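Notes to accompany the following structure.
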């Protein structure tokens, strides 16, 4: 026997697309815009930091940041999203608006974006970066489940997938914006302060003003963070949380009446008697394990396997571009020119592969469904990874570099028109209201664990077998070609686990999570009372 649904939830599911939908997309999406800018702009300035603070005139071949710095740069923003994602395992019930207003990442961004550092030594600068990127990662870990849940609970059931995908697609614009800002800043400094290449003058190739380049690039991220903070504070709590978890149907109806511009009168007595949706069992209960245990396993493992490949690709774009000759050898460039070249390559890739992939998902998700987009994405990523790995020596020979970049771009396209979008969308739809943020946070934490494995694993695995093919300070690795095979296997495992992900297209959140269907034990208790 199905339980009665609240009027306010029925109105939300059937509401026409209105201005508040787009407002919610922008407000929730700007968090992802800034998240992406923050996470990926560090790869644009990593080698510049190495030239400025770890200069070694006796090591001209790469002039890149040393092993210790590269490890720290990648570890901080990826490791610490695990903690807030797990700390936010349950929505607090002591106030209906608490869930929307906890955003420490805004504070971390604004502080770090001042461009200041504790001293001008390598130790002081790197310590400063690591400290504020710790809090950046802490905030990003909370932003993932909150933004997804906010949008899923505001949207109607016909376009919910597209709206959540649009929020996540702002990540593509953040990556693109990072590249464009780096291009503009580095181009301006390059034209103003001329310097010889490293091979001609190791010390003179890095002008003192280069220290401003990376600071300005990072500081720009404070602008969207500050703009988003105010609007996040003004958003009311979603009706589903207020009604089903906080058990305040009157407040939910009042909030949504303002949003929908229509009067909604809710029957408060039904909520108090518990005859509407909204289960009380928790994450570690037998009911959750029976209903959603396999779903949670599927969302965590697919996100884990995806991020192994996705983050290793993103963080090491510049290294791969250097290997195939798309970016000249470091010794032939000065410090600022190297930033310009890396930013140009990342911007082209984002413009041609990353951003279109996100918006293909927005357009097609309600036509194809989440399941088939994720299956297709993992399959095509596997195919293109193998297409890069098998003839790797062919792609790295002169005359074939453009083909490698095209193939590499397609892996990003199908990651974003595929599992990178759907692994974010599905956990925000298939779990009950009281555990929706919890389960999304666990899934996101699993993804970031995969990102750590991918980033550190690729960092070491991609090193060559001979000293002249690996970076200074690194042990012998398996090489980029074999590392690409490993990433292909990770993508295939993600495809296999997708088989356990349910389809949510065209259904209300209560129908998907079965919140409007009582558990067997609860149904027997209701029958005995009747």
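Residue 1 is the first one shown; counting continues down the chain.
For all residues, glycine too, the Cβ spot is worked out from N, Cα and C.
Annotations in TrEMBL come from automatic prediction, not curation.
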Note to self: Checking feature assignment: transmembrane segment per TrEMBL, candidates 441-462, 507-528. Which range matches?
What the structure shows: 441-462
Margin query: Before we move on, state whether the transmembrane segment (371-390) and the transmembrane segment (483-501) share at least 3 Cβ pairs under 8 Å, counting only pairs 6 or more apart in sequence.
Written below: yes
Next item on the list: Using a Cβ-Cβ cut-off of under 8 Å, list the residues of the same chain that are 6+ residues beyond the ends of the transmembrane segment (402-421) and lie near it.
Entry: 165, 168-169, 172, 302-303, 306, 309-310, 313, 320-321, 324, 326, 349, 352-358, 360-361, 364-365, 373-374, 376-378, 380-381, 384-385, 387-388, 395-396, 494, 498
